[in-house]
Amino acid sequence: MNTPKPQIAITMGDPCGVGPEIIVAALSDPAIRSACKPLVLGDRRAMQRALTVCNSPLELITVSSPAEAADLPDSVIPLLELSSLANTDIDYGKPSELSGDAVYRYIRRAAELCLTGEVAAMATAPISKEAMHRAGHHYPGHTELLAELCRCDEFVMMLAGDVLRVALVTIHEALAHVPALISTEQVLKTIRVTANGVAPLCGNRSPRIAVLALNPHCGEGGMFGSEEADAIIPAITAAQSEGLDVAGPFSADTFFHFAVQEPAPYDAVVAMYHDQGLIPLKMRHFDDGINITLGLPIIRTSVDHGTAYNLAGTGTASATSMKASIRIAAKLAATR
């Protein structure tokens with residue numbers, strides 16, 4: 001018996017960036033069409049212009065609901081139109097208040113559709129935080145906005161590729177603020193949410209989690225900082241007592257040399273701050289990495305790159321990350 005394909009809400013991202021183009025490219029791939037039923041949430045003019053830029057034979061059809069899009073053929077891109085921007089409003093490479101407000105509406109509606117069960121998951125194209133801020137929507141990024149929309153306090157941002165998966169204890173924080181945010185409770189929460197979120201990607205076995213130190217050489221017995229002894233090691237010990245397969249803390253300067261070996265020794269890595277974990281992740285998975293928000297009551301994946309304003313309108317932006325985010329969203333949806 002054939003398993004029904006999950007319907008995935010795909011938010012268009014910033015109309016002035018590469019989002020519309022990478023969505024067109026992704027939905028032109030038969031492998032993506034075989035994995036899911038797509039529903040794009042966005043703007044008709046922006047998507048139509050992307051079809052032209054990409055020289056795509058796909059047809060854009062406006063629908064009023066996910067149900068209306070469910071049985072459309074693969075030659076069609078179903079669009080739930082949530083903004084009506086004029087061509088003059090879509091200025092490639094230039095974020096604006098109008099585009100920022102439109103982006104917010106796409107994300108909000110996709111989250112609502114996921115929460116009501118009208119779609120199985122959502123995959124998001126890149127946004128401009130500057131544009132959203134201009135429009136009065138003051139969020140550090142997708143992750144924090146979705147956590148608020150889902151009324152979720154325990155969420156984790158994880159970036160992932162085929163070899164590395166890296167979850168963050170702190171996300172968009174100034175480096176000077178990070179040490180004060182490293183607590184036993186925060187590290188333990190991140191370990192728990194990561195283990196639970198990664199399990200479906202590991203055949204639902206207990207995932208192997210590695211935890212990084214904050215300081216050089218794991219603090220060198222307190223010479224370079226006490227966060228390891230005060231917070232990180234107690235969190236690891238508590239997680240182990242709960243039956244989780246957790247190891248560490250590991251010194252970040254050498255850890256990733258071994259972590260990228262295949263087969264990977266760990267299913268996920270918990271890093272203390274943004275650049276500690278994401279520099280090595282992006283060195284290994286710059287093109288194919290994705291973002292997964294763990295801990296939400298919904299499934300949300302995203303590309304692991306920005307709006308690429310310098311490429312907008314050229315039709316040359318890589319859709320590899322967009323394809324991967326849709327594919328993983330569909331895979332996770334199949335486990336629920």
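Each Cβ is built from the backbone N, Cα and C atoms, and glycine gets one as well.
Remember, predicted model here, so these are calculated numbers, not experimental data.
Feature annotations, reproduced from Swiss-Prot:
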- His142, Thr143, Lys282, Asn291, Arg300: substrate binding site (BINDING)
- His172, His217, His274: divalent metal cation binding site (BINDING)
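What Swiss-Prot annotates, mapped onto the structure for a quick look.
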| residue | record | CB count, 10 Å |
| --- | --- | --- |
| His142 | substrate binding site | 23 |
| Thr143 | substrate binding site | 24 |
| His172 | divalent metal cation binding site | 14 |
| His217 | divalent metal cation binding site | 14 |
| His274 | divalent metal cation binding site | 19 |
| Lys282 | substrate binding site | 18 |
| Asn291 | substrate binding site | 24 |
| Arg300 | substrate binding site | 28 |
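Between the CA atoms of His217 (divalent metal cation binding site) and Lys282 (substrate binding site) there is a gap of 23 Å, rounded to the nearest whole number. Taken residue by residue with DSSP, Lys282 (substrate binding site) is part of a helix. Note: the Cα of Arg300 (substrate binding site) and the Cα of His172 (divalent metal cation binding site) are spaced 18 Å from each other.
Taken residue by residue with DSSP, His142 (substrate binding site) is part of a helix.
When the alpha carbons of Lys282 (substrate binding site) and His172 (divalent metal cation binding site) are compared, the span between them is 16 angstrom. Following the DSSP three-state reduction, the secondary structure of His172 (divalent metal cation binding site) is coil. Among the residues the record lists as binding substrate, namely His142, Thr143, Lys282, Asn291, Arg300, the two farthest apart have Cα atoms separated by 20 Å. For the pair His172 (divalent metal cation binding site) and Asn291 (substrate binding site), the Cα-Cα distance reads 14 Å.
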